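Peer 1: Let me give you the structure first, and then I'll get to my questions.
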Amino acid sequence: MVFKKIYNLAFSSKWLLLTNTISCTSLLGLADSFVQRIDNKVKNGHNKTPKMDSQNWFRTARVASMGLALGPMNHFWYKWLDSRVFDRLIYRMIGKKILADMLISPFFAVTFIAGIALLEGKSVRESLEEYRRKFFHVLTLDFCVWPPTQAFNFWLLPPQFRVLYVSIIQLVYNCFMTCNMPSSQIEQLRHFWVADALFHRHNRSVKYVEDGNFLVLAETAEWADLWPRLISNLGFILLFIFSILFNFALLLISLSKSKQTYLKKVQCLIANLAFCNIIFSSGLLIYTFLIDVYYDVDSFEILVELNSEVRLAKVWPLAKQVIHYEMVDNFALAQTIILLMISVDRYCSLFPNYSPFTRKPCAMAVLSLVPYLLAMLLLDTQVLAAALDVTAAVSIRLVALIAPPLLALVFTVCSVIRLVQKAPTTYRNYDLSCSLTLLLILLVQLVEKFSFFLELLSENFHFEITMGNAEDNRVLHRILHIYFVSSHYLLLLSPLYIVVFILAFAGYYRSRMIKTGEKLAEWLRCKRRPKLDYSTETMRSIIAEQSRARQMRAYSVHS
């Protein structure tokens, strides 16, 4: 009860400005403390614990004090945006708000960077120079982070939680903004992972090397070279584009509801899965275009080195961080966590006291952030390596890779067995089809994740499975190689086969797709629905009512 009173008081209109200022200030300070811990971990070595006096508390205080300015700025900005920007169509209104927010974002960025520089004792000119130096870094990060973040914010969150939500996202965002660690030191906190296994090519960059030095990259963008590479990779590019389109359709279907009804929790979770697959497919599409089509190099590391002398050289390490680690590595993990959450929901729906509807959209919105917070913060190898060491970080990440599909499979099998035993009804058939679809997806996921578990275990810890003699070892290695390559294709296909299975086999989504197909067929045949002649229908009903009245009178007279 006490917590509820504090919660209602903090988010009331009277104290909301103070709540937003305190939350923004505290989270900025927490982000800076986290950045300093990573810096100290790299400088002192992974096996040593940084001393408490290595924490620069004055720097943390300077960064946190910027919340006193940014908190009220965010508060009044979102208050004005919600009151002034509106539209009859929800999607158009969200688009307008995102556009307005992106236009104002440079002002917030220059306030943060210049404010930090001023608090460090620099002049106004030096502060503006600091912003100019980091402009492309900040602009690239803004376009990668804020459009999807604010789409979620304006679509699902109540207005009083906007600043708190943005402050939580800024906890990650400001780690990139305030971090002064060189990219070479950041790489020390990484090991071979999913994106490395998917996109590491062999013997491509040799043509750019002569006597150990890279040749000038002048001919790689020639159309004569691009077209053959584009044609050879067209299948994968179309695959990722179709994955994005199908998942966007799944997202819209999942979030559509009838009037005066609540969305089901499983629909919200599937919508979150579709959003995750859209980002994941976008990362795979960008990665394929850069590595396989435009530059044709072995890996992203070679790509960063090739562009080390260009004008926007500082953008490429950031691009690697966003595309390689976040959009591919971490969103692949978030995908499995969301599938685990769906399986838990299917299992909990067996109990009579469990409500399948989202009566509190705010709680569901916060729950939707959990997979991304886990994948990008708590289970990120860089974060784990900063807190522990690289060996422990990779070990925990390996467990996080294989554990969610196993747990999800247990919950899903239990729900399927129990639903099969129930008497057949419409709702039971919908639930059973959803659980069976999830079971099919998890079986494919388990095959794929176990393969990656073995491959990453081998690459990071030099773990090998051997047989009794050399011939058996060759056969085993050949089989494992085929298994690993097949799992790579399964992961690349995962955004598409997941959405196809859901739309084709889950009862609710299948019925929606059939209705949509029927409407589309009518539209293609130019078949219009006949218009009702309301005057004729009214006359017919009046005549029928009069005939019925005469019959009743005649019956009463004869009786």
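Each residue, glycine too, has its Cβ placed from N, Cα and C.
According to TrEMBL, the feature transmembrane segment maps to 98-119, 234-256, 268-290, 322-342, 363-388, 394-417, 429-447, 489-509.
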Peer 1: Any residues 6+ beyond the ends of the transmembrane segment (429-447) with a Cβ under 8 Å from its own?
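Peer 2: Cβ under 8 Å, 6 or more out: 266, 336, 339, 342-343, 346, 349, 405-406, 408-409, 412-413, 415-416, 419-420, 487, 490, 494, 497-498, 501-502, 505-508, 510.
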Peer 1: Are the transmembrane segment (268-290) and the transmembrane segment (394-417) near each other by the rule of at least 3 C-beta pairs under 8 angstroms (pairs 6 or more apart)?
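Peer 2: Answer no, regions not in contact.
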Peer 1: For the transmembrane segment (268-290), could you work out the same-chain residues 6 or more beyond its ends whose Cβ comes under 8 Å from its Cβ atoms?
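Peer 2: Non-local partners: 148, 152, 195, 198-199, 233, 236-237, 240-241, 243-244, 247-248, 250-251, 254-255, 300, 303, 323-324, 326-328, 331-332, 334-335, 338-339, 341-342, 345, 358, 364, 368, 371-372, 492, 494-496, 498-499, 502.
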